[in-house]
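K.L.:
Quick paste of what TrEMBL says about this protein:
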| type | residues | note |
| --- | --- | --- |
| COMPBIAS | 1-11 | compositional bias 'Acidic residues' |
| COMPBIAS | 27-45 | compositional bias 'Low complexity' |
| COMPBIAS | 181-190 | compositional bias 'Basic residues' |
| COMPBIAS | 228-268 | compositional bias 'Basic and acidic residues' |
| REGION | 1-48 | region 'Disordered' |
| REGION | 174-268 | region 'Disordered' |
| REPEAT | 306-340 | repeat 'WD' |
| REPEAT | 350-391 | repeat 'WD' |
| REPEAT | 436-468 | repeat 'WD' |
Amino acid sequence: MDLLAEYDDGSQDSAREPMSGTLEEASSSGRMSDSPPSSPESASPIRLMELKKSAAPEISDSLLLVRPAGATVGGTTKKPIDPSQHKVNYNPTFEQLWAPIAGPAHPYAKDGMAQGLRNHKLGFVEDAAIAPFMFDEQYNTFHTYGYAADPGGVTGNNIVGDASAVHLNDGASVYNLPQHEHRKKKLDKKRAREPSAEGDLDEEEIEKRDNPASEDWLLKNTKSPWSGKKEGLQGELTEEQKKYAEEHAEKKGEKEKGEKVETEDKSTFHGKEEFDYQGRSWITPPKDVKATNDHCYIPKRWVHTWSGHTKGVSAIRFFPKYGHLLLSASMDTKVKIWDVHGSGKCMRTYMGHSKAVRDICFNNDGSKFLTASYDRKIKLWDTETGKVVSSFSTGKIPYVVKFNPDEDKQNVLLAGMSDKKIVQWDMSSGDITQEYDQHLGAVNTITFVDNNRRFVTSSDDKSLRVWEFGIPVVIKYISEPHMHSMPSITVHPNTNWLAAQSLDNQILIYSTRERFRLNKKKRFAGHIVAGYACQVNFSPDGRFIMSGDGEGRCWFWDWKTCKVFRTLKCHEGVCIGAEWHPLEQSKVATCGWDGLIKYWYSSALGASFLHQFDVYTTVSL
């Protein structure tokens, strides 16, 4: 600090002396007679650029002298070894062997710099740079007034340009105005606001001026805080303005009333005939569809593609118990059902939503299914005829829809909404019979457990809540600091475990018993699902667990060992859904945001299964 203080007292005074002398000489040579003298208190301070100066303290240069050749310290030369030398007659130090011949030293060297490049005991010191504001000020001053401060201080007067202009402008820059300029501007503003002489005004104008309620008083009164801010009243609207106002009012009214274009509910049948010669419907399961094997194999061969959707597929569901039909919901607002067991073609398209379809769900016998869409509507469809049986809405976006699995409660609908509620409808009457309102974020999943007496819900609030069906009171609340949002939950075939897809790229397992504890010994990881609601599913025998990921792969883990068994590259983009066939245990359907649905099988099934798909590989509609 003493060195810095000493440097401040000496170097700054010496650097400022030439500038002060220059200004005195310039000002003593003469002034304009019409400009009053300016004082430091009244005028803006003069801003001329100071000389460059070193930021290093003053230290004796005797330590920087290079020793003469051959000089030694303690018997060892300090000179680096010549690389062309073949013999060394002494034991050199490590620093001598690695010292640079020229240029800066290695960054890990003790001194860090070659001796010849030093200009200070502490290394190499550069002169202080010019601040951007100072540079802009002098640059603009030179182009405006014709002079500026000399940044190098090479010339004797420390000024570059016209020295006489310094006297005329009192040495000010473009950012500093002399005192008389300030006064002149104030006078001009005052004159602009002053009213004209009373001799030029008649009695009516004088009365308006003196009346505080008049516009003239408000416009010309300098003491009023609203002085000059009064705007004249607008006259009548033009025809163009009236037309625009009417259109704007109509649009605003439509938005407030929520009037939207209604999409017509319709469906198209694409099969050959809706009934066969025996009068059986096209959704009737074939009699030869039976469980072929109780042992599941991991699929590894891609056998078929359905490509009827024009946008990404958000969910797929097999027909309950038999799986001979596959229902798919897409972001193109359409729902399609595909033939899996027979021709492999699209059988029917259901059109009734105006925005992307988020979720779908079959009832127990497959005769009806529910759709939830971003157009804030839930619709109940007849699978066979394609007609809309009923429609439900609360004005919020439904994220998940579920039938009550009990046979005697197939008329009960549960929907998780974006307004943090689970809403329960009686579809027979169309009335809301219950609301479960405890979550702090949008509800993502609804999963029935304990013989359908309870259900588990997950939400964007990063928690799990367990409810007693029909009672809007949480009986179990699971929330830990390490938990993330869980957009997909599936029950194990033995109904003892829940598999929850966590957005921190892992699948967590919870018990469905009374306490719903986390099983810390089972954790499935390796896939990347952060940000995507990828579906998790089990094989029918419970030996494997699978999930899609954000990179288009489908992952298979062994349930007992928790190790990755196999990965398949299924889609370009996100593989959002994966469903295991309920009867043919070694077949899997996957869907992705590339708009495709793919069917996979295990080669262990043999050639008999391949023959079924010889006639088609890709079906598009």
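From the backbone N, Cα and C atoms, a Cβ is placed for every residue, glycine too.
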K.L.:
Using DSSP, how many residues in the repeat 'WD' (306-340) fall into helix, strand and coil?
P.N.:
0 helix, 19 strand, 16 coil
K.L.:
Across the repeat 'WD' (350-391), what is the average pLDDT of the model, as a whole number?
P.N.:
92
K.L.:
Could you give the residue numbers and ranges of same-chain residues that sit at least 6 residues beyond the repeat 'WD' (350-391) on either side and whose C-beta is under 8 angstroms from one of its C-beta atoms?
P.N.:
260-269, 274, 281-283, 311, 314-315, 317, 319-322, 325, 327-337, 397-403, 405, 407, 410, 413, 415, 427, 430
K.L.:
Helix, strand, coil residue numbers for the repeat 'WD' (436-468) per DSSP?
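P.N.:
Taking each residue of the repeat 'WD' (436-468) in turn, the totals are 0 helix, 19 strand, 14 coil.
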K.L.:
Helix, strand, coil: count each for the residues of the compositional bias 'Basic residues' (181-190), based on DSSP.
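P.N.:
Breakdown, helix to coil: 10 helix, 0 strand, 0 coil.
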K.L.:
Taking DSSP states H, G and I as helix and E and B as strand, how many residues of the repeat 'WD' (350-391) are helix, strand and coil?
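P.N.:
Summed over the repeat 'WD' (350-391), the classes give 0 helix, 23 strand, 19 coil.
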